[in-house]
Amino acid sequence: MQQLIDNLKKRGILDNSSAGLESLTVPVSAYLGFDPTAPSLHIGHWIGICFLRRLAAYGITPVALVGGATGMIGDPSGKSVERSLLDQAQVLDNSKKIAAALASYLPGIRIVNNADWLGSLSMVDFLRDVGKHFRLGSMLAKDVVKQRVYSEEGISYTEFSYLLLQSYDFAHLFKEHNVVLQCGGSDQWGNITSGIDYIRRRGLGQAYGLTYPLLTDSKGKKIGKTESGTIWLDPALTPPYELFQYFLRLPDQEISKVMRTLTLLDNEEIFALDERLTSDPQAVKKYIAEVIVKDVHGSEGLAQAQAATESFFASKGKSITEAELVALVESGVGVKVARTDLIGKRWLDIVVELGFCSSRGQARRLIQQRGLYINQEPLADEQSILDGTQLCFDRYVLLSQGKRKKQVIDLN
């Protein structure tokens, strides 16, 4: 375990760890949780997936926990307001999709679902066997609880109980699967230490925790959001091209953290890329984008992203071909819409309806600044409508927002 700790420190991705962890000898098992609050994992989850892969490389058996029960509650960590509760059918569907995704990214890994043990736990048993081991004083002292208790929003008993459920998960895995280590982002440290204390109070043995830094920008905001929404790992929600472009657009100062947390490149290569960042940041970002997209979507997904990028950006000053437009739509960089749904509508309304712009206000500003392009020509009039003369090959329209954001409309 000492080798892993040293590597994480050298890489700069060790946030916190339990005393004595470095002396733990392998083989041991470690787990990391994924709550099914959406039908897809997002780019923030990729940090955890890479972390589990890193553990496996050091002889530690990784376990992925899908929170089929805790996903019904919602983790208050890092949240200023309470999550909207999902219904049971949605959580069940999300859980299946998340488990399938984890199995594809982590072949052979043990995947467990806490609904299998928490779902049958009665309220009386929970209060007797779990609740009695926790003291309100220490729970209220946790940062995540303290921040919410004294906020205008407050915290519900439902969210307040999340810490106990996560602690029970750790104890269950410790007892049933000999999982002695729980890992997570830095915002999970309070929950993890509560689980360690719970395991000790029950006399089960010594457990440990290990956390990595959250991936945030210079303002402390989690990386992985854009004006269009979350960056998903499911290619149907975020096509490989969009994932590729997301990393190309990141500020130069953020790419160093990205390559440490979202890739498995060895430390020596990371340090060499750090040096190259000062002289050629765009080349480094392109390389890191290629590494991550290939890791997430495979060689085929990377090829799609590269082909789409070449078609979009090499098309400036030349006509884009029908074959290129078809390939872009098939690679997920397009949207298929019935012709009758859009012909005759204002572009101002269309770009909002398709999610290309977040609001009419944003669309108006882009038009006024000549930053919204239709088939590579700036849209000058916000009252302009889509008519048949604007269709390429009587079917397609190429939308552009500035230099980076592109989309093909397929009026099939």
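Backbone N, Cα and C define each Cβ position, glycine as well.
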Candidate ranges 92-96, 222-226, 252-256 [criterion: Swiss-Prot lists as motif ''KMSKS' region']: 222-226
Motif ''HIGH' region' range according to Swiss-Prot, out of 16-25, 36-45, 146-155, 356-365: 36-45
Site with most surrounding Cβ atoms, counting all protein chains shown within 10 Å, from the binding-site residues Y31, Y162: Y31
Helix-strand-coil residue split for the motif ''HIGH' region' (36-45), DSSP-based: 3 helix, 1 strand, 6 coil
Q166 (L-tyrosine binding site): tally of other CB atoms within 10 A of its CB: 28
Largest inter-residue Cα distance among Y31, Y162, Q166 [record-listed L-tyrosine binders, Å]: 17
